Amino acid sequence: MFRWYQDAAKCYVYLSDVSFDRDRIHELSRSTWMQEFRNSRWFTRGWTLQELIAPGIVEFFSSNKERLGDKKTLSQAIHEATGIPIRVLQETSLSECTVEERISWSKTRTTSKREDRAYSLLGLLSISMPIIYGEGEEQAFERLRGEIAKRSPLKVLTQLPIADGAAFDSLANEHGQCLLGTRIDILDEIVRWANDPHSKTVYWLNGMAGTGKSTISRTLAQRFLENNCLGATFFFKRGEGDRGGMSKFFTTIVSQLIQQLPETARHVQATIEADPTITSKAMGKQFQKLIIDPVSQISSTTDSPRTCLIVIDALDECQGEEDVKAFINLLTSAKKVKNIQLKFFLTSRPELHILKEFQAANDKYQDFMLHEIADSVIEHDITVYLKHQLGRVREDFNRGSAKDQLLPANWPSQTAFATLVRMAIPLFIFAATICRFIDDRRVGSPDEQLKEVLKYETKSQESQLDATYLPVLHSMLARLNQRARQRVINRFNTVVGPIITLATPLPRSALAQLLNVTISTIDGALETLRSVLNIPRAPDRPIRLLHLSFRDFLVDPARREDPFWINEQEVHQQLANHCLHMLSNSLRTDICKVKAPGTLGSSLPAVEINTHISPELQYACRFWLYHLHESLPSAADTSSIWRFLSSRFLQWLEALSWIGRLAESLTMIKSLQSIIPLEECKELTGFLSDSARFIQAMGPSIQAAPLQVYSSALLFSPKESIIRNLFKDNLSKYIGLEPNMPLFWSQKQATLEGHTSSVNSVVFSPDGQQVASASDDKTVILWSAATGEKQATLEGHTDYVRSVAFSPDNQRVASASDDKTVIFWSAATGEKQATLEGHTEYVRSVAFSPDNQRVASASDDKTVIFWSAATGEKQATLEGHTDYVNSVAFSPDGQRVASASNDKTVILWSAATGEKQVTLEGHTGYVRSVAFSPDGQRVASSSSDKTVMLWSAKKGEKQATLEGHTDYIRSVAFSPNGQRVASASNDKTVIFWSAATGEKQATLEGHTDYVSSVTFSPDGQRVASASNDKTVILWSAATGEKQATLEGHTDYIRSVAFSPDNQRVASASRDKTVILWSAATGEKQATLEGHTDYVNSVAFSPDNQRVASASDDKTVIFWSAATGEKQATLEGHTDWVRSVAFSPDGQRVASASRDKTVILWSAATGDKQATLDTGFIDNLRFDLISTQLLTNRGSFIIDFADGISSKTSPGASFGNVLCISYGISKDNCWITFNGQNLLSLPIEYRPTRFAVFGNTLAIGCSVGNVLILRIIYEN
């Protein structure tokens, strides 16, 4: 009801208890009828709440039909009567009101049924749930609140991938804040900046390592949290998985924003519903759609905008310099948001790439350099800190010590304390680490520890890390003999070396498993290192560095002679060996024990995956090659790598797929090719090359369903593939007959899927790192050329995108569109930079000049336009073509431009002046594309006349014409006995294949145009083919000889069928007719006219008495086979009807349509009996006992007796029809068994036409071949 009211243009309310007489208005006061209005019973009824809120206009009338006003003009009185805010009665959207506020509007209303108080709120809350009268009001409200909970921000949060430990108050980021009385000036300055509506959007706090940046960030975050002004925080940390990069930055920020600003939840939810892939889009797109846009929608409730601070710490620890630079550019370029004062606080070391990017931003940010603070200020702050911390150490020690061991009140002495302060300046990390060390009782008393620290007094900045960490390390060796000291050092290297070298932290239990040591060994090595490492008590929480400077200290080459020095290369080598050992011993086929080969990776909960694939095994899968890369690979490494890959390669890919990391495998293989001395293991050379092709081609199938690595991936690899042959024994046993595959990999390396419509243009970036594609879906997509992963979707055009080009410096992308514009984009972030307007028709092509100074675009307005690549300004318009210009290209030296046109010419222009130089004539069709040779001496042009021409760029003379063609499969059919397959193709032929072996048996040539349909006669003796040449040809199934050509149709023939008695043939055509022929003589017997659009399919009844035809006019027609008279027209489909069939018992007819349904009709009356939701079906027939529909998509069970006769009314719809045995999924991506995914079909082997006969499938592919395979599978 709510939606019905909402869609109404106007709603009229008659108030029988409100009197108003316009003729006596002078005798009545306004307050009299207004009081009646406020007290009207209409405002107390439950269901009238929807009638009041939903419509845009509600007009009120008195008992004597006088208009009183509408809900806007009477909003004050209605507000007083109902409590509903005036803003809601006027313009404000319901979404601006809280759930509790909307529920409160029903509290004063009465309903005849108690439950209706809850039910009347459904529309107002956008909730849908069953009405159950009798459940009681309390239960009704409980169910309502349950449904509300499902739509709360928590629902949105489950859709946002987050980086664990990135928030300032997370368990992984549990560190101290600034001590009271320290950092006063800098904190005050930052707070003033954040609260100042006129200040810059970005504040950058930079400082050297150990100067206290993160502590300031945590303090600031806590302050703003307490004031309800904190939006979100992200603390980067190198080597901490997702905290070390940008991949989950924006979604992590958004998940926190939603909790701090719940109003943003619905906007974020709407964005995700509109584009489920938004969380993997370009940084710029995520920033705008997930942060800026939702925050911009928040309404202001005060005169001054609300502050919302986002704290981003340690940006220098984010991997990917280009990502960091693009991120800084995003923030400093962000426009201020209305109603919310959105501010970004960043900290980092002054790394060169960060420094340069901020300098390029000029005055768009505010900054402060911690390492330039006056020594006096730093001394004060460190003094306060040390007094507080050492005082606490003294109190804790004295609390548990005997009287004769107590530390005096003046401990430490003034001299010792002053020395500590001097040693610390300017590094707070020194003060924090030393205080933790002095407090560690495992080695000695606080006074003993303090004396040990003071031994390292120095004034040298470079050796401050020595003073910070050497006391901790040397204390491990105190009072030990030489043998014991060596044991401690060895254990330190065994455990701590890997901890500081791991790509991402591991818990102690996982670390012990990976290193093949006991947990007690781990604990023993770390016992005295709690002042420098975060060592959780829980064994399942990772061990972390407290500060990155400890790692820097341990691996510093200048400390090579120190016993605690860590040789990074050696540790990486050891970790690589540990990883390979674990992989070789722990990987298994079907490691998650799902059994069903079509199980989707996304269907298994992460908890279950983690149960089967332990943290250490996941680590080994992902990082074995990282450690190998960082070491110095040797010949021994090559041998161990070959042993691993040649035995566990498929299992490794399976495991990576389960944990969502399959894409990393290709990068790893390519990295391996670059570092291994392959001449020492020639087998590995070919393996790596083949494995890269294997992953590129089969990756999508494996990522979707991990167990497909043992079936689809192997099955559809070339016969000579090294992977296929090496792992042939791993091929799933349910493959009975393997399809006939090519010998070698094609030239294609990867299929990039992501566009939702035709792709019109594709181009590599000049550095070969990226690919850009332009599509009819109005987008440009940027891809990684190495892995094929989607990097960004560029949205901004409002019509088809026809062309795309990279700038010579790889920094920008230009796209040309039917919306008559050219758009410049950032290749790094995907952000739109400029829109060039000037063409008056579709823009077909765009190109950058080699010097990056200009852009040329070609258009249907018959012109080429030159633009400034720097400013986007139009520089010149080149006129000379007399029809659409389809393509434009610069010569390599940038001196000339070539354009190709529908006027059948190519024109060469001067790039400097825009003058026409020469016109190349010779094509007899539209010229679609033009290009210069690399040396600029020749021009190549391609045309709709099916030729490519080569021209002299200097003289314009034609040098050569290249000709060729390819086509695809239009129809496939099995012989009645299932022994043979016939296929019809655009190459004008029919081919016979062996269903047993897949070998070609005969090629039937005779048609002069596309062959659109092929069928066997019921006795299997003949084949009939229908063609766009308007003929039907009858062939001998035994010899392939042509027996008769049936001519009579005036347009393409779509379908042909034999009568059950083999005496007649029926053909269906685009000329809107069906023709009946004599099968013996080929003579025309009757022309059946009645359809108003193309006729696609024709079938005889089992008794030979009737013919049924299916048409694009959305109908099925019954005809008399004897007289050709129309008997009935069956209407019910909403789209083209593609196939029709009689049941063998003659009782029913089934028709399949592009509306994705099959309708069952009574053959006697033409009445609709049932509608089945089956997806697209191109052809269908009944089984011999009329209980199943056998279609090109598989077999469907139809329980006629129970499903239709006794339970179903005529015309009922079955939402889920069970596809039994083998078939093709609705999306053509899977071979199925009993409706469940079984075998994934790579994109090039997805059918254009297909047929199923028992457990044998024939698939006609767009690449022009027919695959025949047999499957033997049981649940």
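Note that Cβ sites are derived from N, Cα and C of the backbone, with glycine treated the same way.
Note: TrEMBL annotation is automatic and uncurated.
What you see is a predicted model, and the numbers here were worked out from it, not measured in a lab.
Taken from TrEMBL, the feature domain 'Nephrocystin 3-like N-terminal' applies to 189-349.
Among the features that TrEMBL reports, domain 'EML-like second beta-propeller' is placed at 845-1002.
TrEMBL lists 752-793 (among others) with the feature repeat 'WD'. Break the repeat 'WD' (752-793) down by DSSP state and the numbers are 0 helix, 22 strand, 20 coil.
Look at TrEMBL and you will find 794-835 (among others) tagged as repeat 'WD'. The list of residues near the repeat 'WD' (794-835) in space but at least 6 beyond its ends in sequence, with Cβ under 8 angstroms from a Cβ of it, reads 281-285, 322, 325-326, 329-330, 760-767, 769-770, 772-776, 778-782, 841-848, 850-852, 855, 857-859, 867, 869, 872.
The repeat 'WD' annotation in TrEMBL covers 836-877 (among others). Beyond the ends of the repeat 'WD' (836-877), by six or more residues, the same chain brings 799-800, 802-809, 812, 814-818, 820-824, 883-890, 892-894, 897, 899-901, 909, 911, 914 to within a C-beta distance below 8 angstroms of the stretch.
The repeat 'WD' annotation in TrEMBL covers 878-919 (among others). Residues 841-842, 844-851, 854, 856-860, 862-866, 925-932, 934-936, 939, 941, 943, 951, 953, 955-956 of the same chain lie 6+ residues outside the repeat 'WD' (878-919) yet bring a C-beta within less than 8 angstroms of a C-beta in it.
The repeat 'WD' annotation in TrEMBL covers 920-961 (among others).
Look at TrEMBL and you will find 962-1003 (among others) tagged as repeat 'WD'.
The repeat 'WD' annotation in TrEMBL covers 1004-1045 (among others).
Within its own chain, the repeat 'WD' (1046-1087) is flanked in space by residues 1009-1010, 1012-1019, 1021-1022, 1024-1028, 1030-1034, 1093-1100, 1102-1104, 1107, 1109-1111, 1119, 1121, 1123-1124, which lie at least six positions past its ends and keep a Cβ under 8 Å from the stretch. Residues or ranges marked as repeat 'WD' in TrEMBL: 1046-1087 (among others).
Positions annotated as repeat 'WD' by TrEMBL: 1088-1129 (among others). Note on the repeat 'WD' (1088-1129): residues 1051, 1054-1061, 1063-1064, 1066-1070, 1072-1076, 1135-1146, 1149, 1151-1153, 1161, 1163, 1166, 1179 of its chain, located 6 or more positions outside it, place their CB under 8 angstroms from a CB of the stretch.
As annotated by TrEMBL, repeat 'WD' applies to 1130-1171 (among others).
Marked as transmembrane segment by TrEMBL: 1250-1273.
Each residue of the repeat 'WD' (794-835) gets a DSSP state, and the totals for helix, strand and coil are 0 helix, 24 strand, 18 coil. When DSSP labels each residue, the repeat 'WD' (1004-1045) comes out as 0 helix, 24 strand, 18 coil, counted as helix, strand and coil in that order. Helix, strand and coil counts from DSSP across the repeat 'WD' (1130-1171) read 0 helix, 24 strand, 18 coil. Residue counts of the repeat 'WD' (1046-1087) by helix, strand and coil are 0 helix, 24 strand, 18 coil (DSSP-based).
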